[in-house]
Amino acid sequence: MKRPLPWLPLIGFLVLLAVVAAGLFRPADRVVHSQLVGKPLPDFTLQPLIPGRPGLSRATLTGQGPRLLNVFASWCIPCIAEAPQLLRLKAAGVPIDAIAIRDTAVDVRRFLERNGDPYQRIGDDRDSAVQLSLGSSGVPETFLIDGQGRVVRQYVGDIRPDDVDGLIADWKALK
Amino acid sequence: MIAEAGLAALWIAAALAALQLALAALGLVRPAAPELSAAVRPVAIVQGVLAAAAMLLLIAVFQQSDMSVKLVAENSHSAKPWIYKIAGAWGNHEGSMLLWVTILGLAGGAVALFERQLDERTAIATLGAQAAIALGFYAFLLLASNPFARLYPAPTEGAGLNPLLQDPGLAFHPPTLYAGYVGLSVAFSFAVGALVTRDVEREFARAMRPWVLGAWIFLTIGITAGSYWAYYELGWGGWWFWDPVENASLMPWLAATALLHSVTVLATRDGLRAWTVMLAVVAFSMSMIGTFLVRSGILTSVHAFAVDPRRGAFILALLAIYIGGALTLFALRVGTVRQGRTFELVSREGGLVANNLLLSVILGIVLIGTLYPIVAAGFGVQLSVGPPFFNKAAGPIALLLVAIMGVGPLLRWRRDDLSALAERITWPLVATGVAFVVALLAAMPIGVLPLLGLSLAAGLAVASVAPLWGRNLRRTPLFTWGMVIAHLGIAVSLAGMACDAAFTAERLVALAPGQATRVGPWRVTLDGISPVVADNWSALQARLTVERDEGVRRLYPQSRTFSDPPTTTSESAIATVADGQLYTVLGQPDGQGRWQLRLWWKPFVTLIWAGGALIALGGALSLAGRLMRRRQEAVA
């Protein structure tokens, strides 16, 4: 081809199309087969982020019965979409702890006031260090943790309304 | 019966679109048979009328609350106020796609009826392209999203409309935005038509300009209104969230704004030929990509409507055909488009090229930020790109664009002299400097972007009216007024954004009835809480007394509970004064007799939407000016 330049827009568009098509047709398996599944949580301690709400460490997640660990951030839009599902889980009796990623107390408090507050504890992970050690790379993500502090499952992305009943069943099975 | 008539109208319109495409193609191949081409225009007009008839019939079944129609049963309720019954017709997937096709058909009909300036062969090719687009969307409606499907047995009552959508905003927002989206299809078809007949010249640009302007005005109004709607309806106190659905409307606007300016270079100076054609293709492509993003549910959005991957695949296929086809045609034909006239770097053209490049960069940033979560998902990573990215990446470039916007209209065509220019921009520079110092002294601490925003807004405001200095205002053409007012609107809007970012005061308090608090210059007292009941919702309503120096007002924010479907929304209450808005939202009770209140004092926030209105007004004046000039030329 003598003049490649005029074809560049088409090539760019085809790349875009491939990306979007791949996104559209990817199977909807959002459970990550993480190396961490079946293993105990790594050792970590996170300071409280908002006053009056305890922080989070491996010790507090061990021996307290099965629970969810939600990795979220106030600046994350899917986290807003996920909030009603977390409230439903809370109403069903599922205890939920949270790790707030790169966030501030003011923003998180505002986020919880707007979208509801399902959390028992909130740890402050301002440089994503603990998030990375958990093998989580984005927000939101949710870990199901058994009574011994072991990771049973890792959910990537927001919890959709269809996922809630399955999560409650998984949680009850661990009790 | 009505539903069947609507479906029949749609099928006939689809058949006419196929006929229109075939006639246009044959007419272009066989110029010896002029009757083929001559039939294209009437067919396009009838097709548009039939599409509009189908839309009116859908509104009729919603108005009658005919629950045997599936769409009505799923989205309406007999107890709804009549205005929401009408608006409910497009407050859902199928109805909104029918609205899209209706506007597409009407736009094609309008081109057939009014476009006489363009070379006839190009006009026929344009109508052929328009028919090809329409055909695909008719197929989508009839095969994958039939709005007139029946339900048997018919339910006695409907499921209701999403309460967030039960707002007067819904009646106007989607039609306006769609008129803008779909109006850009005309520019797309013009570009395809001109590529087919190899006729990219000044006449083409002059013929296309009013259509681009018209679509751009609607887009501007749609985005401005949508922003205000989200601001008071979501109750979050923000006016732009960089949500995928908002980005979907911003991207065509950015492309259309660039197109509007490059088409002026082509029409006035016969330059930027290939680039203008490219932008016309990109602008409507962004509209279609926006529709796809919204309708396929591929991105998680706070706006999420019905989600159906098969529909997404259908729209994606249409996208591949139209955009891929147009870009292939572009690649094949652009070599035959002769280069237009050239110009010096420091010239009006140079300023407009800078405008185009910066708008394209912002468009690229928004597109990448919006699609990045999908790309990341391809690598097994789920993430969300939020305001921090968009503000940091697009903000500085937008400010640079504003600076160039101040200078551009003061440049002469073809070539200009830097020292003469320096003289012309003295006063805008002084205004920028004064605003910078005043903001720095009076408003510390202030962020860098709001500080630069305020200073540049002041400079742009002065620079934008500078083209009127020394002119006889009564003899100044309307389109010059249009440019001045639209650019002034940008300055006004930017000032509002900067003030909102820099000066907003926020309070979150829990008050018992009788207690008071302060936010900014306001004293807010909670007088009491009482229940309120309306047709299809009930609410808890706070009675607030808000006081400032000039007087006392009462505000009634509500926490509303809708029965069908059961949902709670916050209805903010807003006091608008000359220098800003007091925004109040009622939250939850704390169980000890106190109620949460969220209060914002937002100085000059209204300038954001006032600026948007000015921008649209400028566009309207410009359009009127162009049309009058065309008529005068036609008479002469």
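Indices start at 1 and increase along the chain as displayed.
The backbone N, Cα and C atoms fix where each Cβ goes, and this holds for glycine too.
Annotated transmembrane segment per TrEMBL: B:6-28, B:40-62, B:178-198, B:210-230, B:250-267, B:274-294, B:314-336, B:357-381, B:393-413, B:449-469, B:481-503, B:604-624 (among others), in sequence order. The domain 'Cytochrome c assembly protein' feature in TrEMBL is assigned to B:90-296. According to TrEMBL, the domain 'Cytochrome c-type biogenesis protein CcmF C-terminal' annotation covers B:316-626.
Under 8 Å from some Cβ of the transmembrane segment (B:178-198) lie the Cβ atoms of residues 28, 96, 99-100, 103-104, 107-108, 111, 118-119, 121-130, 133, 204, 207-208, 211-212, 214-222, 249, 252-253, 256, 259, 277, 280-281, 283-285, 287, 290-291, 322, 326, 329-330, 333-334, 336-337, all in the same chain and six or more residues away from its ends. Between the transmembrane segment (B:604-624) and the transmembrane segment (B:210-230) there are at least 3 Cβ pairs closer than 8 Å, counting only pairs 6 or more residues apart in sequence, which means the two stretches are in contact. Each of B:6-28, B:250-267, B:314-336, B:357-381 was scored by its Cβ pairs under 8 Å to the transmembrane segment (B:393-413), and the highest score goes to B:357-381. Under 8 Å from some Cβ of the transmembrane segment (B:357-381) lie the Cβ atoms of residues 242, 244, 247-248, 250-251, 254-255, 257-258, 286, 293, 298-300, 389-390, 393-394, 397-398, 400-401, 404, all in the same chain and six or more residues away from its ends.
Here the transmembrane segment (B:6-28) has Cβ contacts under 8 Å with residues 34, 36-37, 39-40, 43-44, 46-47, 50-51, 53-54, 57-58, 61, 98, 105, 108, 121, 124-125, 127-128, 130-132, 134-135, 138-139, 141-142, 146-148, 196-197 of the same chain, all six or more residues outside its ends.
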